[in-house]
Amino acid sequence: MLFVFLTLLPSCLGYIGDFRCINLVNTRISNARAPSVSTEVVDVSKGLGTYYVLDRVYLNATLLLTGYYPVDGSMYRNMALMGTNTLSLNWFEPPFLSEFNDGIYAKVKNLKASLPIGSASYFPTIIIGSNFVNTSYTVVLEPYNGIIMASICQYTICQLPHTDCKPNTGGNTLIGFWHTDLRPPVCILKRNFTFNVNAEWLYFHFYQQGGTFYAYYADVSSATTFLFSSYIGAVLTQYFVLPYMCSPTTSGVSSPQYWVTPLVKRQYLFNFNQKGIITSAVDCASSYTSEIKCKTQSMNPNTGVYDLSGYTVQPVGLVYRRVRNLPDCKIEEWLAANTVPSPLNWERKTFQNCNFNLSSLLRFVQAESLSCSNIDASKVYGMCFGSISIDKFAIPNSRRVDLQLGKSGLLQSFNYKIDTRATSCQLYYSLAQDNVTVINHNPSSWNRRYGFNDVATFHSGEHDVAYAEACFTVGASYCPCAKPSTVYSCVTGKPKSANCPTGTSNRECNVQASGFKSKCDCTCNPSPLTTYDPRCLQARSMLGVGDHCEGLGILEDKCGGSNICNCSADAFVGWAMDSCLSNARCHIFSNLMLNGINSGTTCSTDFQLPNTEVVTGVCVKYDLYGSTGQGVFKEVKADYYNSWQNLLYDVNGNLNGFRDIVTNKTYLLRSCYSGRVSAAYHQDAPEPALLYRNLKCDYVFNNNISREETPLNYFDSYLGCVINADNSTEQSVDACDLRMGSGLCVNYSIAHRARRSVSTGYKLTTFEPFTVSIVNDSVESVGGLYEMQIPTNFTIASHQEFIQTRSPKVTIDCAAFVCGDYTACRQQLVDYGSFCDNINAILGEVNNLIDTMQLQVASALIQGVTLSSRLADGISGQIDDINFSPLLGCLGSDCSEGTKAAQGRSAIEDVLFDKVKLSDVGFVESYNNCTGGQEVRDLLCVQSFNGIKVLPPVLSESQISGYTAGATASAMFPPWSAAAGVPFALSVQYRINGLGVTMNVLSENQKMIASSFNNAIGAIQEGFDATNSALAKIQSVVNANAEALNNLLNQLSNRFGAISASLQEILSRLDALEAQAQIDRLINGRLTALNAYVSKQLSDMTLIKVSAAQAIEKVNECVKSQSPRINFCGNGNHILSLVQNAPYGLYFIHFSYVPTSFTTVNVSPGLCISGDRGLAPKAGYFVQDHGEWKFTGSNYYYPESITDKNSVVMSSCAVNYTKAPEVFLNTSITNLPDFKEELDKWFKNQTSIVPDLSFDIGKLNVTFLDLSYEMNRIQDAIKNLNESYINLKEIGTYEMYVKWPWYVWLLIGLAGVAVCVLLFFICCCTGCGSCCFKKCGNCCDEYGGRQAGIVIHNISSHED
């Protein structure tokens, strides 16, 4: 059992293996050989590589945990080296100097059984750190005589260790000098641990998280247990294993083995037994089988098809680009310069288009710490930036705490402000005192204008640091000197004086008489640091980011001179000084501001790689000038890159394009495929069959998608690439445990796997669970048979809906609401404490809730919803989602009968066009429907009204121009152009006809108006008569009531005559306490009302919140998609919805189809085939159609055959019935005690004194009403109305009979002739001719013609 020694070894003992730090140089002829890679892979199935997090255990549990674990199946590297005389001095460089990143897992060989004579360590020592100098912490785990010495100290690790194999030791007999620190280093942990010295292998788990280092240990190949942890506060970036002793010369001595594999943050599935021991573990991302186990949280998943979500194509290569041959930034030279400024005059330098090595920079300046803001410090290594701006200054020892982020001490308030919002790193380092001098300088221009001198004021040593304790700003006209003529007469308090520079004003001084002496009272006395004189023009100021202190304070009494204003050296105040030295080193602060992260050509070369070729068409990782990610490159021809531009971004800030400065080619960058993998897993199979949906196998293997290294077989199907299954789609099965969809099934057979050596046992077959004939031949209903109505026909319906999503904000002045301007009430309201504040706080929360809801609604609308309208054809504008053509009306050629144009114009057109109203007797509307807005159809749309052709009498400008042009042309060139005047003439005649028929209708209307108005006058007369009668009755009743009231008051005065006297006595006895009680009652009442109002506001806001959530839901489900819910988006089955902003809410227009007719069918919840297999419908019903079972959808009756596409196969035909619980609301009312008993309980022996009330009848003024004057006025008004009777004149009308056209008379004559000829022949042929001729003889003698004419009857006008 591992335990900790309480005693520590002496700190001077720093033994690591057999190494000593002696200045003897080994050779650099050859590099150290590369670490060997193990043939053994990491197998985590038994818990290897895992750890008990802080020794926590779980009993009989299987759960998912996320931590730092190795990748299952990864390789080990042996990081151990054998120390020899010829060991290369490059042994501590990569690859043996390795990245620590998240952590490492180590498997270490215990060499105790074959330990060389004299050796005290059983395995090599591991060192984990960043720069391995005494300015940062280093973790060392050193074995020594059966213990492990763990330490975390600020070591300076020896980089050139020397072994005992070297014969020349230089006379140095000291053993154990493995670091070069001359004095004991600063440590945060030094502890000793025992370990099982008899174990063959030792296992270590090292990782870092949030600045804390964790170490775990085990002596068996299972989960490790907690060893120690310590907060370091910095990122450990590298590690190496010290070479182990000389090459053994004794036979049987083993070589050291230190097998290491990296850790990454991964999710593992653990199984804990009844003792809390990890018995098995699964790396969830290592294989598809592992992912299935983690998905089901079971070590033995059930047989089934699992969709593996979050699947992404794995990159197959790396595209790396850096600008080569850039100069070195030489940042370390500037940081280590022999002069450094003070905080008062901090310096900045910007580095751009150059490279730097951060690791060597930190070693060069012997960095104490490096911490970053808004970026992980470990990520700065190897990144690129647009530029790096660095500020630096020496740190006064007493003010070091001021530089912590978030502090507001003197340094950050008045000297240098750190921008916590910027991406920056804070570097603390030190230089030897002999190599640096502090430059103290005051950059203030207005201080220097009045005589400030750095040497005279600061007179500091080489390592003294000046800093400001306060900063002051002044105006352009400021001058600290008093005016000589003003202070000349002063005897006491007389300051120095001098003339001020041009454009400035002297210090303000007032001369005051004090006895026989005059006294000067001047501004800013005694010091601007302590004065509160508002006349003092030196104003304190705080620093902004990037600002220097504007100036130190000035003791104005010490400013003067014989001519020009000048201040003495000791006149400047508000600064202090301290040394920067500690341990003979000057400590310096530097702020590195990283501009343009992952873009630009200012790069760290710590992990720089050689440039690679750009591979197109496959998924690759990329690192383009520090911008990292993965994607697919496609070469394109692009001319939109500027000369300074290499990367192209989209509107979301994602990398979209890349210009290669090496080849000058341009590329388009697309993301790697992220899709869906279905895994068909069988419990008896070692691995699943895989279906990469919608992907060809070539793409799968070219992009290294599959995590299976060597699949046995694969092929393309119409569902995608199938891996680890045989293609047997020509076979069909009627039972399937692994259904892939679309009628395909993966069938697993152990026998099939055994028969074929290259088979996994999986086959992709066709799944046919049943046929239509089987269903109808051997089927019975499951769960009963029911009648149901299913729609067969629909109609489209529109439904408008308003949903309130916000309300006006309310704020209340509580004091004004309760008390108004009454002072006593306001004073007493203070006793109610924070009631008013609580009211306003609640209303503030309500208003904030309104803002939050409005933001949520706006977010839902912004994402994919357009509120602008669809404009009608002929109007320019963007075509969007909502049609507002009913609002705009009908414009252009699309207008036809029945459209909006025929029904009227819209409100918008009323504004855009002049409007002319016509009297329409029935033909104007028909004319508009015919033209449809096309004026050229004017004569083609002539209307007929009672046999007369008519047109509307109003012409547009274009029609007038056209007809005028035609008439002019007909007059200019007769007779050839005479036809051009015909349209004009017809138009005029038809419009005159239209005016004539309109006048007749107007005449009839006049008659109706006159009759109606005369009837109204008569009704008004009757009304006034009734009013006059009613007023007379009112007068009599009021007077009678007044007389009765007078009698009543006379009677009451005898009984209540003492009322006024009693009230006066009561008022005189009210004291302040009683008055306050009355005020208190009023305040309570009003506060109760206010509280009720606020409660109602909260209640209403709850309803609005619910409706706003419903509005968001309807935007997402109705507007952005088609809702499957019935009657949710309108009434019926949803088609589409439109949304528009409305006052305090949203206005929805839903379109849906509503059933208009139904059919009644027999429906069964399920069917049973052959008594053993059940069928259930998918999104529909099983119905009987002409004796056969069919499937139909639930929304529309359309019977079709039952197949596996519309049904679900069940293992049995059993039906489970569940009885619904009978739960009723409690409607009983609690019995209350008798009201009188409860009243008597609280009010006993209560008496009231009846006051003596008297009443003075003389003070009551009883008035009798006399309404005769008002009634006379009404009677006069009736008389005037009678005299204003209107006698309307009737407009005359004309009746016009139109002569029939000549061709009508011609047809009548021809018909008569034909009749006569027919009669003649009939008479001749029948023997009746003699009779006919006799009778017609006389007719022939009197034959004559008659002409019909036009008769016009004139009805003269007359008066009624």
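Yeah, the Cβs are placed from backbone N, Cα and C, and that goes for glycine too.
In Swiss-Prot this protein carries:
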type: SIGNAL; residues: 1-13; note: signal peptide
type: DISULFID; residues: C21-C158; note: disulfide bond
type: CARBOHYD; residues: N134; note: N-linked glycosylation site
type: DISULFID; residues: C153-C187; note: disulfide bond
type: DISULFID; residues: C165-C246; note: disulfide bond
type: CARBOHYD; residues: N192; note: N-linked glycosylation site
type: DISULFID; residues: C284-C294; note: disulfide bond
type: DISULFID; residues: C329-C354; note: disulfide bond
type: CARBOHYD; residues: N357; note: N-linked glycosylation site
type: DISULFID; residues: C372-C425; note: disulfide bond
type: DISULFID; residues: C384-C603; note: disulfide bond
type: CARBOHYD; residues: N435; note: N-linked glycosylation site
type: CARBOHYD; residues: N566; note: N-linked glycosylation site
type: CARBOHYD; residues: N727; note: N-linked glycosylation site
type: CARBOHYD; residues: N776; note: N-linked glycosylation site
type: CARBOHYD; residues: N793; note: N-linked glycosylation site
type: REGION; residues: 906-927; note: region 'Fusion peptide 1'
type: REGION; residues: 925-945; note: region 'Fusion peptide 2'
type: CARBOHYD; residues: N929; note: N-linked glycosylation site
type: DISULFID; residues: C930-C941; note: disulfide bond
type: CARBOHYD; residues: N1216; note: N-linked glycosylation site
type: CARBOHYD; residues: N1226; note: N-linked glycosylation site
type: CARBOHYD; residues: N1245; note: N-linked glycosylation site
type: TOPO_DOM; residues: 1323-1360; note: topological domain 'Cytoplasmic'
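Annotation note: N929 (N-linked glycosylation site) sits in a helical segment as assigned by DSSP. Neighbour list (C329 (disulfide bond), Cβ cut-off 8 Å, at least 6 residues apart, same chain): F351, C354, N355, F356, I388, T602.
Highest Cβ count within 10 Å among the disulfide-bonded residues C294, C354, C384, C941: C384.
Cα distances from N1226 (N-linked glycosylation site) to the recorded positions C153, C425, N727, N1216 are smallest for N1216. All protein chains considered, the CB of N727 (N-linked glycosylation site) has 14 other CB atoms within 10 Å.
In three-state terms derived from DSSP, N727 (N-linked glycosylation site) belongs to an extended strand segment. Taking a C-beta cut-off of under 8 Å and a sequence gap of six or more, N566 (N-linked glycosylation site) has these contacts in its own chain: Y450, G451, A498, C559, G560. Spatially, by CA atoms, the recorded positions N192, N435, N727, C941 include one closest to C603 (disulfide bond), and that is N435.
Comparing C-alpha positions, C187 (disulfide bond) sits nearest to N134 among the recorded positions N134, C294, N435, C930, C941. Between the alpha carbons (Cα) of N727 (N-linked glycosylation site) and C294 (disulfide bond) lies a span of roughly 29 Å.
Only N929, from the recorded positions C153, C294, N357, C384, N435, N929, place their Cα within 10 Å of the Cα belonging to C941 (disulfide bond).
When the disulfide-bonded residues C158, C187, C425, C603, C930 are compared by the number of other CB atoms within 10 angstroms of each CB, C187 has the fewest.
There are 18 other Cβ atoms within 10 Å of the Cβ belonging to N192 (N-linked glycosylation site). Taking the C-alpha positions, the distance from N435 (N-linked glycosylation site) to C153 (disulfide bond) comes to 27 Å.
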